[in-house]
Amino acid sequence: MNPLITDFQTPQQRTPVIVALDFANEKDTLGFVRNLDPALCQIKIGKELFTATGRSLAESLIHQGFKLFLDLKYHDIPHTVAQACKVAADMGVWMVDMHASGGRRMMEAAAEAVAGYGTKPLLIGVTVLTSMEQSDLAEIGLNTAPEEQVIRLAKLAQSSGLDGVVCSAQEAAPLRRELGRDFVLVTPGIRLDVAGNNDDQRRIMTPAEALAAGSTYLVMGRPVTRAADPVAVLREVNRVANLEAN
């Protein structure tokens, strides 16, 4: 049975998908989300869309009832990251991330900055980008396997007060064993069918595989946003998630 984060979702209503809104502008984004139900998914805004639209779009989506993952991958001095997390909390952001390689002091400052909020955003550490393989790590001076580096950074994130990490589905099972059932695992690189995949997410799995491995949330972009019926895709993944939970 897949571990559940019971503080955030009940087994009967598990909705693990975070839809990556990888659109270039506000018009296309709002046109797409108009047909989504906040009860079926969470949504994510990344660097491109946030840079193009600023906080106004993010706040609009939050006001529509969506749980928003602000995926800006903070990596800066502790004070700067802490202040950014406070701004995100003031906006009502549900989840925000930062590079765990920014170190303990940066992550502890972020956790302390939002500790006083009644409803604080989940703080998530970015470990190893899913586009990176062992050869990529070697090029930046890390002579270790991706899984080893992920576990090292995830342990650091947990001990620094973060709520979870971003990891590929391949790392989910060992992380779940190492860090326990309450640590949030956010998994990108999710595809409905891995056969013939040639995009930039190297370490990929299907929703069922990722959930079985221990992932808490599944980041899905094109498989949802380019689907003929995005709602049908979300309902099917939710169905699989609740079967896995039971």
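Every residue, even glycine, has its Cβ placed from backbone N, Cα and C.
Feature list (source: Swiss-Prot):
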ACT_SITE  Lys73  active site, proton donor
BINDING   Asp22, Lys44, 71-80, Thr130, Arg191, Gln201, 221-222  substrate binding site
Measure the Cβ-based neighbour count of Thr130 (substrate binding site), defined as the other Cβ atoms within 10 Å of its Cβ.
23
Tally every other Cβ atom lying within 10 Å of the Cβ atom of Lys73 (active site, proton donor).
17
How many Å lie between the Cα of Asp22 (substrate binding site) and the Cα of the residue listed as 'active site, proton donor'?
15
With Cβ-Cβ distance below 8 Å and at least 6 positions apart along the chain, what are the contacts of Leu72 (substrate binding site)? List them in sequence order.
Gly46, Lys47, Phe50, Ala84, Val96, Asp97
What three-state secondary structure does DSSP assign to Pro78 (substrate binding site)?
helix
Number of other Cβ atoms within 10 Å of the Cβ of Asp22 (substrate binding site) across all protein chains
16
As a test of the contact definition, list every same-chain residue at least 6 positions from His75 (substrate binding site) whose Cβ is closer than 8 Å to its Cβ.
Val81, Met98, His99, Ser101, Gly102, Met106
